[in-house]
Amino acid sequence: MGSDLDDSSESGTEMSNESTEPKNKEQPEQGAHSEIVASHYNKLEDRGLFARKKSNIFHLRNFNNWIKSVVIEEYSNLIKQRIPLGSPFRVLDMCCGKGGDLMKWISAKATHLICTDIAQVSLEHCESRYNSTNNPEKERRKVEFFAADATLQQLRTKYKDPSMRLHLVSCQFAFHYSFESYKQADCMFKNAAECLDEGFYFIGTIPDANEIMKRQRLAMADSFGNDIYNITFQCDPNNPPLFGAKYNFQLDEVVNCPEFLVHFPTFEKLALKHGLRLREKKRFDEIFDKYKVPRKFLLERMQALETYPQSSGRGMQHNDGPRKDATQYRHAEEYERQLSANQFFRVGTLSQKEWEAATLYLFFAFEKMKTTYDAVGKPIYS
Ligand SMILES: C[S@@+](CC[C@H](N)C(=O)[O-])C[C@H]1O[C@@H](n2cnc3c(N)ncnc32)[C@H](O)[C@@H]1O
């Protein structure tokens, strides 16, 4: 078994040719961590805007939100080019949390929105957040909120109309929880794929296992990170299994939870089993490079980057927050030197440690293939 999770390798538990199900059936107990994850997210307080602004990861959160905004906008536009004007645009936000993407769905003019998450408290928050929004389409938009474990339960049976066809399924910062076991990941893909209409999309964001492995090797330790994030392996990093490759992820005071590495070739193979063909895979730094100019206005409006230096001087902090460490902005100063900029130099940037945390992630998009059925009712995708 290979020692890394490089995309090119078929490392990890041996896989059969026919399916992605590992031949090694020694699987962890199904969903053993789901409760831990649900209880962690249920306990997360919704800190007010003031507290969020003072947070060490204020810009990182905004940056992640900007990434989601641009990809949701891009895929919603693609969909709207293909469906007749005025026809329904149906979205499933799988693992929606407290509804961080609600406004994005409203802006995208989704006409039917299903929000689901394992964490009941988060979901209630999401629903009341939606109810408190005021938007012109609200009266006409259909919305559904329900709690479910997307790695163990069939979501379709919980929809008001289980025969519904979706145009977009989104799973942001969550699919990796299903990589606890083959069965859970398979169930999560089934949920993502089964109601998706032919030619439409499943999009999401997950930690980039290659990047995590690269950093682990560089650190030559089971635990590594910086002041705002930490990863501690809870499996052998030299021999991670395809499923159940557990590590603990800590992000400032926001996340402290067991997560699982997503071996991308396995992820892609499992997706194909459900009729999902990979359309796009991009690390967050690549998304940033692609959209930083065309979506600059949104970058600024969402305060996804901080201005360096602040008017009050180098290394000073935004918005009443604590003073920042100037060593975190060497890249900005280097950029200034390259530009031979004058004294009015200002740049939008993230601190080194926030950038390191942001670039742990990647974006993916799949397209649902054409589905026909053989004589025994088995789906054939083409
Ligand atoms: C990092 S949060 C992301 C929330 C939201 N998608 C966003 O981007 O703001 C991960 C979410 O996944 C949810 N989650 C984790 N495991 C899940 C499961 N098995 N079924 C459904 N939701 C799950 C958690 O409760 C949490 O709300």
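Even glycines carry a Cβ here, placed using N, Cα and C.
For Asn64 (mRNA binding site), the same-chain residues that are 6 or more apart in sequence and have a Cβ closer than 8 Å to its Cβ are Phe173, Thr205, Phe284, Ala358, Tyr361. In the three-state DSSP scheme, Asn64 (mRNA binding site) is classed as helix. According to TrEMBL, the mRNA binding site annotation covers Asn64, Asn65.
Sequence annotations record features per position, and here TrEMBL assigns compositional bias 'Polar residues' to 10-19.
What TrEMBL lists as region 'Disordered' is 1-33.
Annotated site 'mRNA cap binding' per TrEMBL: Lys98 (among others), in sequence order.
Sequence annotations record features per position, and here TrEMBL assigns site 'mRNA cap binding' to Lys104 (among others). Reduced to three states, the DSSP call for Lys104 (site 'mRNA cap binding') is helix. In sequence order, Lys68, Ser69, Ile72, Glu73 are the residues near Lys104 (site 'mRNA cap binding'), counting only same-chain partners six or more apart with C-beta under 8 A.
The site 'mRNA cap binding' annotation in TrEMBL covers Arg129 (among others). Annotation note: Arg129 (site 'mRNA cap binding') sits in a helical segment as assigned by DSSP. Remark: Arg129 (site 'mRNA cap binding') has Lys98, Gly99, Leu102 as non-local neighbours, by Cβ distance under 8 Å and separation of at least 6 in sequence.
The annotation site 'mRNA cap binding' is assigned in TrEMBL to His176 (among others). Under a cutoff of 8 A between CB atoms, and with a sequence separation of 6+ in the same chain, the neighbours of His176 (site 'mRNA cap binding') are Ile206, Pro207, Glu259, Phe260, Leu261, Val262.
Secondary structure at Glu259 (site 'mRNA cap binding'), as computed by DSSP, is strand. If you look up TrEMBL, you'll see Glu259 (among others) marked as site 'mRNA cap binding'.
Residues or ranges marked as site 'mRNA cap binding' by TrEMBL: Tyr361 (among others).
Comparing the recorded sites Glu259, Tyr361 on other C-beta atoms within 10 angstroms of each C-beta gives the minimum for Tyr361.
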